[in-house]
Amino acid sequence: MAIKLIALVITLCVASWDVAQGRSLRFSTTPLNRYSFPPHFDFGVASSAYQYEGAVEEGGRSLSIWDNFTHAFPERTNMDNGDVAVDFYHRYKEDIKLIKEMNMDSFRFSLSWSRILPSGKLSDGVNKEGVQFYKNLIDELIENGIKPFVTIYHWDIPQALDDEYGSFLSPRIIDDFRNYARFCFQEFGDKVSMWTTFNEPYVYSVSGYDAGNKAMGRCSKWVNSLCIAGDSGTEPYLVSHHLLLAHAAAVEEFRKCDKISQDSKIGIVLSPYWFEPYDSASNADKEAVERALAFNIGWHLSPLVFGDYPETIKISAGNRLPSFTKEQSMMVKNSFDFIGVNYYTARFVAHDLNVDISRPRFMTDQHLQYKLTNRTGDTISLESDGTKILWSYPEGLRKILNYIKNKYNNPTIYITENGFDDYENGTVTREEILEDTKRIEYHQKHLQELQKAITEDGCDVKGYFTWSLLDNFEWEHGYAVRFGLYYVDYKNGLQRHAKHSAMWFKHFLERSGKPMPMDLFKSVKRWWSTLQMI
């Protein structure tokens, strides 16, 4: 033991001297920390109900579309489901302690509609046990000095509403969502000041109704043979149209709710990629970038800022795109206090001349192809996750923020998700996953670009949330993909183990004004690995 203590002292002294002399600083001689960002900038971790809670048949909860999807089509979610998930329903108190230990300010979580209103309709009655669970969760967060940041809907609509009228395919969803949101504001609004209505309407509409790889799992049969019904050319547009109207209806309720304080805010969470032209010398590919941004961001943000869809989408989709009435346009326009941005990665895009217009679908309406490499064969980044889907492109975060600032009147933004995953294919040990240097570098580089966007470019960004606190159920990837700052041992009672990234964030967010520089952090990490072999 004495040898270990001596080793620690020597290592820390050497590391501190190296850092003081500016040696081997691979990131920066003046590393970022909490104080590199504006006062009251919000740092937090994010989650969602279906991915975390489990307890799907406990406490009066009814089944959601994801319960049905994972059990009806297990092969489409890696044979996994959220029945237990990471058991947050029973373990939220211990998980809140993990958030506090990392010096995080906020916790973003979603409410399970089917846990609060089992039938989906307020008129059919409230599940008091479900309401009490969220009240207990909110109280526990506040008692630990953590701000609750609530999402009303994160993809898990009660199955009952889909059975009755097709959920977001029907305009009937607007009033049911309005009533659900109003109830949430009344019940939780006195203690929750930050709200979002919907998480990632683009992903919900496209993955659920164009590609069919997420619940609802609908698409044209020729797009995906696993889809049993759907129309990829019309349903994504219809779903998002009703979703935007439901969002606006909820915001109306928010702004007249007597339980909501004057400093409370509400928004919606979008999920933009950044795009670069496949051929930087091609005007057609540069125009494809603009179309990609219009479909990826403008589809939902343009109605919120300007009251209507982008002209590009109107032209491409024609009469398959629903239109707003004058009253609806006025209701949707300016129905936000801030915009949530979930940014992960970027793609190259090329103009596509070979679209089959006899088989319309949302993705081909864009007349472009997504590419992982450019014309010369270069990837957009040298760093990717194990699936080769998520490529780290920090510059894209700064670019997307400036694009939104310049095109959409510089709205207030929160980075509501940003994260990097490990792919567990059975060949990687727990120790290797815990030593998540790639994740640390991913977050540091994105935070550097975010800080530039704020201080140099004038982007109005107020917060940054990592995805995610814990490894969890990652939709069609099941539990094979791990985004957590904490490792969840699915084979041993769901034990939580801090990854190195959790320790890095703890020091990044220290309020002492003396954060751990990256090289000192790496020296300590090397020391710890050495001690394991003594």
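Every residue, even glycine, has its Cβ placed from backbone N, Cα and C.
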| field | Recorded beta-D-glucoside site member, picked from His154, His247, that accompanies Gln51, Asn199, Glu200, Tyr344, Glu417, Trp467, Glu474, Trp475, Phe483 in Swiss-Prot | value | His154
| said: Spatially, and counting Cα to Cα, which of the recorded positions is closest to Glu417 (active site, nucleophile)? Options: Gln51, Cys219, Cys227. | reply: Gln51
| query | Using Cα coordinates, what distance in whole Å links Asn425 (N-linked glycosylation site) and Asn68 (N-linked glycosylation site)? | reply | 26
| query | Where does Trp467 (beta-D-glucoside binding site) sit in the DSSP three-state scheme? | reply | coil
| request: Please state whether DSSP places Asn425 (N-linked glycosylation site) in a helix, a strand or coil. | output: coil
| query | Taking Cα atoms as reference points, which of the recorded positions Gln51, Asn374, Trp467, Trp475 is nearest to Cys219 (disulfide bond)? | reply | Trp475
